[in-house]
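Taken straight from TrEMBL:
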BINDING   H108, D131, H133, D135, D235, D237  Mn(2+) binding site
Amino acid sequence: MTISKFIKSNDVAVIGIPINAGQPRQGVEKGPAKLIEFGLLNQLEEMGWKTHHTSNEALVAKLKPKEDPDVMNLKQPKWVSAVTKTISEQVRTHAMDGKFVLTLGGDHSLGLASVSGVFAAYPDACLIWVDAHSDINTPASSPSGNIHGCPIAFLTGIAEDHPDFRWVKPCLDAQRLVYIGLRDIDDGEKKIIKDKKIKAFSMHHVDKWGIGKVVDMALDHVNPNRDLPIHLSFDVDALDPSVAPSTGTPVRGGLTFREGHYICETLAETGLLVSTDIVEVNPDLVDETAAFQTIQVGCSLARCCLGESLL
């Protein structure tokens with residue numbers, strides 16, 4: 001079963017990136033294992049996919065440095081850098097092999113790994129970033145120093161030179177990036193988005209035009225001829241907290257269950273989707289019911305990206 005003209009087989013590489021170092025809350029590192037524990041691999045296999053799973057739990061633990069002081073305002077930069085650099089090569093290898101790549105997080109700093117790996121295999125790809133936050137702070141503009149708010153700045157090459165992230169090649173043209181679902185953006189990020197003329201659809205636009213038109217407009221901008229590979233990076237905090245409550249930085253007024261799934265289904269239907277991130281599922285937050293609900297939603301979004309639809 002193949003859903004993309006760029007995917008050569010029915011193989012999906014499911015890569016866990018159980019990292020929490022890009023933000024301050026414990027628990028998000030358990031997200032990938034919980035998604036697997038809930039039966040994601042079996043669900044994909046029942047859909048006709050052949051799964052290749054790498055948990056990376058031992059790798060992430062092994063790469064943790066003894067000391068990791070703040071550098072240029074960023075917290076735990078050595079650990080985040082080591083993990084994302086190593087796993088970006090895993091992503092690249094699987095993408096080059098023609099597999100669909102599904103990365104499970106972990107916090108959104110893992111975008112450094114997934115996007116750089118996918119774009120090494122597909123240099124002409126475009127990126128659709130579904131998130132309440134724009135994650136485009138530079139080290140200097142970041143109010144918190146948490147790296148999960150900075151990956152886009154490094155991937156586009158607009159971040160200041162940082163000794164721990166020189167391995168990140170500026171692989172992403174700002175005009176090949178589009179945001180959907182924004183509603184909590186720092187002032188420094190607003191300026192960057194405006195100065196770089198990055199296409200961004202906030203929840204205001206979703207309310208104004210509806211999710212169908214927003215997705216069409218997003219694709220018209222980054223993939224006008226519908227012929228380029230697409231990487232989707234989906235932060236579950238793009239969804240309203242009533243839908244996905246167990247996440248580290250929830251913001252009210254987000255996407256509904258159906259709007260989130262519509263995005264994934266529609267991108268799968270293009271026949272261009274080559275890879276997806278499902279990130280920021282934190283099963284330790286709120287309570288057990290909320291965690292279960294959020295894990296369910298994460299699995300459901302992943303299935304939609306790999307071809308599941310209502311009919």
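A Cβ is built for glycine as well, from the same backbone N, Cα and C atoms used for every other residue.
As the structure is a computational prediction, the values presented were derived from the model and not from experiment.
Using a 10 Å radius centred on the Cβ of D135 (Mn(2+) binding site) and all shown protein chains, the other Cβ atoms total 25. Listed in sequence order, the residues W129, A132, S134, H148, G149, A238, T249, V279, E280 complete the 8 Å Cβ shell around the Mn(2+) site centroid, once H108, D131, H133, D135, D235, D237 themselves are left out. Put plainly, the binding-site residues H108, H133 were compared by Cβ crowding within 10 Å, and the winner is H108. Proximity of D235 (Mn(2+) binding site) to non-local residues of its own chain (separation of 6 or more, Cβ distance below 8 Å) is seen for H108, W129, V130, D131, A132, H133, T247, V279, E280, given in sequence order. Within the same chain, the residues at least 6 positions away from D237 (Mn(2+) binding site) whose Cβ sits under 8 Å from its Cβ are D131, A132, H133, A244, T247, G248, T249, P250, V251, G254, E280, listed in sequence order. Counted within 10 Å of its Cβ, the other Cβ atoms near D131 (Mn(2+) binding site) come to 27, all protein chains included.
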